Amino acid sequence: MAERRLLVLFGSQTGTAQDTAERIGREAKRRHLQCRVEALDSCDVANLIHEPLVVFVCATTGQGDPPDNMKMFWRFLFRKNLPAGSLCQLDYAVLGLGDSSYPKFNFVAKKLHKRLLQLGGNPLLPVALGDDQHDLGPDAVVDPWLMALWDKILALYPLPPGLEIISPDVRLPPKYTLHYLPEDSPHPNSDLLQLAAPQAAPCELHPFAARVVSNQRVTAQSHFQDVRLIEFDITGSGITFSAGDVVMIQPQNCPEDVQQFCQLLCLEPHRHFVLEPMEPGTPLPPLLPQPCTIQYLVTHYLDISCVPRRSFFELLAFFSTNELEREKLQEFSSAQGQEELYSYCNRPRRTTLEVLWDFPHTTCAIPADYLLDLIPRIRPRAFSIASSLLAHPERMQILMAVVRYKTCLNKPRRGLCSTWLASLNPEQGDVRVPLWVKKGGMKFPADPATPVIMIGPGTGVAPFRAAIQERVALGQGGNCLFFGCRYKSKDFYCQMEWEELVTKGLLTLFTAFSRDQVSYLVSLQEEKVYVQHRIQENGRLVWELLSSGNAHVYLAGNAKEMPAAVAKALQLVLQLEGGLSPLEAEEHLTALERSQRFQSETWS
């Protein structure tokens, strides 16, 4: 009988694809399949030729890019020298998770499916395209697709005689067991940040603990949004970066939330424990020291401020000793209850900690062994670097908006990382932040003499500040910046810096202050001026830089309406100043994108 073995590989940026992959892993165990669930870059791609059955779960990021933890796999898979039939023994299925409001919806899953076909793989099902925009989220596609997948897999690999599918009412064992150490046993101090080894470039497993030098608010106190310019000292880190690169920061939960969580679950913060895998071969979580304290686990690892996913409620229901609470949790984890779960959790952005407050009888019955199955780890956050090493040696700066907004809940919602960073006061001692750098998506011209047009409303200006500092340090002009914000007096970040460069002839600056222009006698909508309007007004210069100067165009900022509005403005410039037809203008802009002369980095 064929070996009943399944490999589930995921490419995940925010954790959704990983959560879905782990769900497939649990369902495989219920069907008595040997199953491994891994990030694509953790798996040895060369071994794919020995795998009989693989399910790929892939998100799409940015402009149709693969997530960070599948980039090496992606490069390998698209090597031109791979033989056409190299995966002919592979039965596979591809599940994509995306957002149809983006132009390259589920681009990675579609392209992966096509490539696996080219290499001779045998698809068990058509590629599935989960959509965040659906009323019920990606599960509207995932649920029926998984039912069809298990039918196909069990037809190929029937259950062994005498075995049945383990009922969903039976709780699966945890991934790890948590063993408390005797309170009087000596422990090394495991709660220190794991610093990068000397000479090793800092990375996610070994971040550099950078000292916070300054934390300055750059918006007026009267402005609704708190935006910070934060500077880190990276002396001795070995970190190097260029304009367009990104710094990854590992945040932590606030002490009040940690204390509440421990009280709710009746956990002793200072108890030490070690983890042991339930199944041999399961690696320990690499970011947790061994032994570890409960305090460290909850502060640095468990994401108690994230909005919990459906799988959280599914597992939580097993622990419930209270009938009412159990019924509600089961409803939230059922396919029929997804609309209600969305209203309870996703729409108001209710956090894991707040959900635990709402189910007190269940919460106090959660076994510590299941903490790592129940709550995902805190993910690092990415920020565009807003400074150049040429201008600020041994320093790194970020420009960060503190995330704070209202929903129907009384308490305002706060971003975990930005709230934590904003709270750090370097005047109160040696304040450290774990960070590392990764290459960004934007590449500035190798020849600094090439002119650049940069369009960066709001904090989208951050990577352009780094580029301008870098180019100015090399004595290079040809810097054209379109910056937009609400009010000149309240949120014109780095105003003095820009104006000084304009005076020196090193920068051409166009600003759009959307609320300053508004005449309250006229409809608010008519009078607002944004960066796209300034691009059209200065179309002649933009066209000259593009046509004669061979300029590169860069766009960064919010992914909502702005990127499409800017693309439309650029097309109008190509038509009005370059004499192109609407179709030619669209094709010209696409050609600029292909040749990397038009690059954008947007976020939602």
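From the backbone N, Cα and C atoms, a Cβ is placed for every residue, glycine too.
Annotated domain 'Flavodoxin-like' per TrEMBL: 6-150, in sequence order.
Its Cβ taken as reference, ASP99 (FMN binding site) is surrounded by 18 other Cβ atoms within 10 Å in the chains shown. According to TrEMBL, the FMN binding site annotation covers 12-17, 59-62, 97-106, ASP132.
What TrEMBL records for 205-445 is domain 'FAD-binding FR-type'.
Around LEU416 (FAD binding site), the same-chain residues six or more apart in sequence whose CB sits under 8 Å from its CB are PRO251, ASN253, ASP303, SER305, CYS306, ILE378, listed in sequence order. What TrEMBL records for ARG349, ARG381, ALA382, PHE383, SER384, GLY415, LEU416, CYS417, SER418, TRP603 is FAD binding site.
Sequence annotations record features per position, and here TrEMBL assigns NADP(+) binding site to THR459, SER514, ARG515, LYS528, VAL529, TYR530, VAL531, GLN532. Non-local contacts of TYR530 (NADP(+) binding site) by the CB criterion (under 8 A, 6+ apart in sequence, same chain) comprise PRO457, GLY484, ALA512, SER514, MET562, ALA565.
All chains included, 27 other C-beta atoms sit within 10 angstroms of the C-beta of SER384 (FAD binding site).
With a 10 A radius on its CB, THR459 (NADP(+) binding site) counts 25 other CB atoms from all the protein chains. Largest Cα-to-Cα span within the NADP(+)-binding set THR459, SER514, ARG515, LYS528, VAL529, TYR530, VAL531, GLN532: 19 Å. When the binding-site residues ALA59, ALA382, VAL529, VAL531 are scored by other C-beta atoms within 10 Å, ALA59 scores highest.
If you compare Cα positions, SER418 (FAD binding site) sits closest to THR459 out of the binding-site residues THR459, VAL529, GLN532. Taken as a whole, the domain 'FAD-binding FR-type' (205-445) shows an average pLDDT of 95 in this prediction.
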